[in-house]
Amino acid sequence: PRRAPAPTRAAPAPSRCWSWACGAVAAAIAAAVGVAALQAADLGGGPVGFSLLVLALTGGPAVGIRWAPKVLPGLSRRRLLALAIALTGLALLVAGLVHDTTTVMLIAVVAGVSAGVAANIGHTLLDQESEDSRRTRTTEHLHAVVRVLVGLGAVVAPLLAAVIGPHRLGSGDFVFAHGGAAFTLMLVGALLLPVAALVLGKTDDRQGVPLRHDLREALRGADPVEAPAPTGFFIVVEGGDGAGKTTQVEALAEWIRAKGHEVVVTREPGATAIGKRLRSILLDVSSAGISHRAEALLYAADRAEHVDTVVRPALERGAVVISDRYIDSSVAYQGAGRDLAPTEIARISRWATGGLVPHLTVLLDVSPETARERFTEAPDRLESEPAEFHQRVRAGFLTLAAADPARYLVVDAGQLPEAVTAAVRHRLDRMLPLSEAEVKAQEEARRKAEEEARRKAEEEARRKAEEERLERERQEALAKARAEEEERKRRELEEARQREAERQAEEARKRAEDARRRAEEERKRIEAEDRARAAEEERRRRQ
């Protein structure tokens, strides 16, 4: 193999600069909102004017954040960030100069939208160029900076407006009369301009190429219509030299074949007979003097032959095509790396491929310094380019990914190859269509699951029937036991009543006998008394 990827870390991106730039834009908008009431009063807009001004300054950023990926997709995101900051500053500066309510409202909308674009681009650049292990800390740092600066802007701006107060300057017919809020807006807008210049100077990835040239090319119109293939699945692995593309292509191909797909592994340049001849010309160090336009056209010629003879036929029969490089390499190398317009390079490649775009582009992002350490053979013509060239190429790739994040997967190629493969496989698990073998396996699994569910349902029904039978028997046994218990209690009660009646009868008999006995005794006593009395009387008569 030509390169041996090693687990090294990418060089850190200028994240601190972007964090403070985003914070500066947010602080400027917060300052404008803070003086909105004073500005509306100075303009004679009243509460309605104040409400509309606040709506423009707070709703505009939301619109800008949503539109940012579609704004000048052919322009470097780093340059667009600086332009968005500058436009925000100019809009706030002009909003302070103008003394017309309607015009100020429109300018406030422009300021809000451009601030939203800057915020989105800054956050995207931070996410793309931060290592996975540091991404959370970078995001937290960004949010902390934004919160602090927004608070300062919202508090300091009204105080500054009150300190400045209204001023009237003029001589003759020229009169410049504004309130403290207007002067504050002008000051805030003016302060954003050097911030934009600093961001451009510190992070520009197209140094040596005039900004107006890139801006003019980006404004020239949209690229030709793009569309993925209706059949098959097209994966492109992009990245700078030494990013480990070959390793990942082979790993993905093996994994996808194991799923049952037909996999076609290809590359650019050199996947066809003509392409091999073009590759020998393009990468040979002896071709160092080739013009940049000729180089771009040769790559486009190779791509046209590649798509017509390899890629499209494979996609039409439903295969998964994995290509090592595609259109983005030309846009990054000949566009961002050279002095050619990326939009022109993209337009030529779209025409050469008939607008065929991948379903997924995997961008292996790694610093040029780390990539150079991985070379195990003498570098070819492009690998021999200076580090500045490869830095521009890297930024070009990231710009393309930022413009269409739904179709790109940016992976830190400084990780272990296994970690990179796992990240790509995780994304493909959600996108890759099922192979015939997977469909059959899925149907078999569904059939088995249905049978298992049916078996479990039958077992559950039998179990419930058995439980119901046992419950009925238990209830019957309980009812029988209750009946027996009631009968026993009834018999015991009857016996108790019978015993009580017998006892009462016996007591009555005994009372009757006692009464007869007492009566008999009383009778005998009376008779004895009568006899004794009679005897006594008889004795007295005798005397």
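Positions of Cβ are set from backbone N, Cα and C atoms, glycine also.
Small disclaimer: the values here were computed from a predicted structure and weren't measured.
For 237-422, the entry in TrEMBL reads domain 'Thymidylate kinase-like'.
Residues annotated as region 'Disordered' in TrEMBL: 461-543.
Taken from TrEMBL, the feature transmembrane segment applies to 20-41 (among others). A Cβ distance under 8 Å defines the sequence-distant neighbours of the transmembrane segment (20-41), meaning residues of its chain 6+ beyond its ends; these are 47, 49-50, 53-54, 57-58, 61, 81, 84-85, 88-89, 92, 95, 101, 104, 108, 111-112, 115, 118-119, 122-123, 142, 145-146, 148-158, 161, 179-182, 184-185, 188-189, 191-192, 195, 199.
As annotated by TrEMBL, transmembrane segment applies to 47-68 (among others). Here the transmembrane segment (47-68) has Cβ contacts under 8 Å with residues 29, 32-33, 36-37, 39-41, 84, 101, 104-105, 108-121, 124 of the same chain, all six or more residues outside its ends.
The feature transmembrane segment is assigned by TrEMBL to 80-98 (among others). Distant neighbours of the transmembrane segment (80-98): 18, 21, 24-25, 28-29, 32, 64, 71-72, 104, 107-108, 110-111, 114-115, 117-118, 121-122, 125, 178, 181-193, 195-197, 199-200, 203-204, 215; these residues of the same chain sit at least 6 beyond its ends, with a Cβ under 8 Å from one of its Cβ atoms.
What TrEMBL lists as transmembrane segment is 104-123 (among others).
The transmembrane segment annotation in TrEMBL covers 144-164 (among others).
Listed by sequence, the residues of this chain that lie at least six past the ends of the transmembrane segment (176-200) yet keep a Cβ under 8 A from its Cβ atoms are 17-18, 21, 24-25, 28, 31-32, 35-36, 38-39, 41-42, 78-79, 81-83, 85-86, 88-97, 99, 153, 157, 160-170, 211. If you look up TrEMBL, you'll see 176-200 (among others) marked as transmembrane segment.
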What are the DSSP helix/strand/coil residue counts across the region 'Disordered' (461-543)? 82 helix, 0 strand, 1 coil
